[in-house]
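Chemist: Quick paste of what Swiss-Prot says about this protein:
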| type | residues | note |
| --- | --- | --- |
| DOMAIN | 157-240 | domain 'RRM' |
| MOD_RES | Ser104 | phosphoserine |
| MOD_RES | Ser124 | phosphoserine |
| MOD_RES | Ser126 | phosphoserine |
| MOD_RES | Ser136 | phosphoserine |
| MOD_RES | Ser211 | phosphoserine |
| REPEAT | 304-342 | repeat 'WD 1' |
| REPEAT | 532-573 | repeat 'WD 4' |
Amino acid sequence: MQDAENVAAPEAAEQRAEPGPEQAAAEPSPGAEVARPGVQEAAGGEDAEAGPGPEGPAEPAADGEGKADATPGATPPPPEESSAQLAGEAPAEQAQDAAAEAGSEGAGGDPDGAAEDGGADEPSFSDPEDFVDDVSEEELLADVLKDRPQEADGIDSVIVVDNVPQVGPDRLEKLKNVIHKIFSKFGKITNDFYPEEDGRTKGYIFLEYASPAHALDAVKNADGYKLDKQHTFRVNLFTDFDKYMTISDEWDIPEKQPFKDLGNLRYWLEEAECRDQYSVIFESGDRTSIFWNDVKDPVSIEERARWTETYVRWSPKGTYLATFHQRGIALWGGEKFKQIQRFSHQGVQLIDFSPCERYLVTFSPLMDTQDDPQAIIIWDILTGQKKRGFHCESSAHWPIFKWSHDGKFFARMTLDTLSIYETPSMGLLDKKSLKISGIKDFSWSPGGNIIAFWVPEDKDIPARVTLMQLPTRQEIRVRNLFNVVDCKLHWQKNGDYLCVKVDRTPKGTQGVVTNFEIFRMREKQVPVDVVEMKETIIAFAWEPNGSKFAVLHGEAPRISVSFYHVKNNGKIELIKMFDKQQANTIFWSPQGQFVVLAGLRSMNGALAFVDTSDCTVMNIAEHYMASDVEWDPTGRYVVTSVSWWSHKVDNAYWLWTFQGRLLQKNSKDRFCQLLWRPRPPTLLSQDQIKQIKKDLKKYSKIFEQKDRLSQSKASKELVERRRTMMEDFRKYRKMAQELYMEQKNARLELRGGVDTDELDSNVDDWEEETIEFFVTEEIIPLGNQE
């Protein structure tokens, strides 16, 4: 090793040979410290770039330690000692100077002197005469240069705020306090600058944060902040000005994107027999099928293995089928259920669609960081682009974001805060959240941009339910409540009524009393009616298209169901109460009027089919251990099922009519889930629907004929085949009759003018014969004979 160093730097070797070991260890000579790193850089970098090494073979070192490989293009390994000194002692500038000096010495040095020093012929490490050093500093000193100061350091922590009020010296201090209060919540402000002109501020300011991340946070959250009616802040990074100034003045025409034809995504609505579709997951989730609902037997449309890893979900209008995968969500649609879109979200577990089917919300507990929120992501379904990410609190309940009926707004509730966002910007409405101390729950109206929320009691302040109009944030109704334990918000499907179920503990009593506060939303000043019940409430449900609601109350085995009607005069009338019901859930038909009272799971699947027009029980049945009940979108059929997810045996789904008549029993191995495909809202007006109901008798004959055909034992294909055969026979018969009539004259000539086509043409040739049958009559007496 020592010989190799002497060959490369003979002067350094001579200087190190004279001092004693203590001096060499304590304070090396300057020449040695500079020369050795320089030689390292030249040998390791320049020779490698120069290509082939010295001409002719090279002799190995005499002592055997510092062997140099004579292979062309190869460089000797640097000594470990010098490597340590290069990394730990020599600065970048000294290393470059030493490399230059070593290169010049190698090029102009005396090769004979090197041979004498080494005592043998050693390889030459000098560069060729035409060698050009093209190794950049970034390649040689990347680890050192990465820490050098950058020009942008400090600048990318500066933001520019426009639309700031222009004030004089007397109000400048007050303005600074307001600005500091708004922008200091994003991070520590280290410097500010308020440009002035003619004794007044110019309307824009500069703020510097301690960190670029704080500046970026301020831009994201403060841009568009409304200070007052005349001033709305526009916030940008200072570095953005350079970016916008370097934009080319020449406009580049964007490439035209080819239109991707997805086909008719709502083809199933044009089905001739107006049948509905539903999805089925079975074999413990390994297989997924889509069926047409047919009275006789379900008709399979599509079946795939491992289509989803957990479960599936239809979009609100039935356009898309969502499947779950470890890496994200996929949407399918069209006649062949091709993939329409996919969204990458690792470990996704829950999803939610906006009512307009424009946006998709996904949740994953795996991906979330403080700087880049990924727990909840909102996607644009049409483009597949991520719109915004959000953090998720551990105590939140799904759906965390609740959508308005038209998809224009969505909101979330956190501690003492209600945040309302607007689309498509995904930003806060008016750039700020609502501060509502103690807010417990909220819900959107299905019929308008009205939000309802409730706040519990706080010392002497009563609990209250508030109705707020958006986007104006006007409170249209406030209802104060006392002695409140809990509240639940129940909207009627059209938004005509809001029921607030209030559990109270009246003073002087130990039990819990339930009040149903009914808000009549379509009337002036939103009047409220109250129904009080002292029994335990099991379930509550509004009629979807009507003004009735049902309540399950009591305790097993004395459970009752009560049906109420909200009249136009404001009175709430009890229509009917059924005692001794085995039910724990209420399922209204989507069209109203009919309801199924089901005792699911622990109540062994007891079913009661009720017509609320006259409050009669049409049928009582049972589907043992039923876990789910699903109405079809039209309200004609209802499915009860036993899911493998809740019960491991007798997994199947049964199809019933709305009257409670059982049509099918479909058993599937490890059946898991059945979901009807939703239908979009009808395009018909209420007047058109009324006219159709009036003319329904005209179509009844057609419907009855179709019903008879569908109830026939022969399949549809067999009936069609028979109809085709009958039509072919009629055509053949007509053709044969025409040929028969054409040949009549020929027959008359052959038979001497006698028309044998008629039976009475020749009466003389008739022969009459009488045939007698002998009949035996036997009388058998019935009963006892005395």
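Including glycine, each Cβ sits where the backbone N, Cα and C put it.
The model shown is predicted, which means the values in this text are computed figures rather than measured ones.
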Chemist: What whole-number Å value do you get for the CA-CA distance of Ser211 (phosphoserine) and Ser136 (phosphoserine)?
Modeler: 31
Chemist: Using a 10 Å radius around each Cβ and all protein chains in view, which of these modified residues has the most neighbours: Ser136, Ser211?
Modeler: Ser211
Chemist: Counting only residues 6+ away from its ends, which parts of the chain sit with a Cβ under 8 Å from the repeat 'WD 1' (304-342)?
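Modeler: Residues 262-268, 279, 281, 285-290, 348-349, 351, 353-355, 357, 360, 362, 381-382, 384, 633, 672-673, 675-681 contact the repeat 'WD 1' (304-342) from elsewhere in the chain.
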Chemist: When secondary structure is assigned with DSSP, how many helix, strand and coil residues does the repeat 'WD 1' (304-342) contain?
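Modeler: Tallied per class, the repeat 'WD 1' (304-342) gives 0 helix, 21 strand, 18 coil.
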Chemist: For the domain 'RRM' (157-240), give the DSSP counts of helix residues, strand residues and coil residues.
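Modeler: Counting residues by DSSP class gives 32 helix, 25 strand, 27 coil.
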Chemist: So what's the mean pLDDT when you look at the repeat 'WD 4' (532-573)?
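Modeler: Mean pLDDT for the repeat 'WD 4' (532-573): 92.
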Chemist: According to DSSP, how is the repeat 'WD 4' (532-573) divided among helix, strand and coil residues?
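Modeler: So the counts come to 0 helix, 27 strand, 15 coil.
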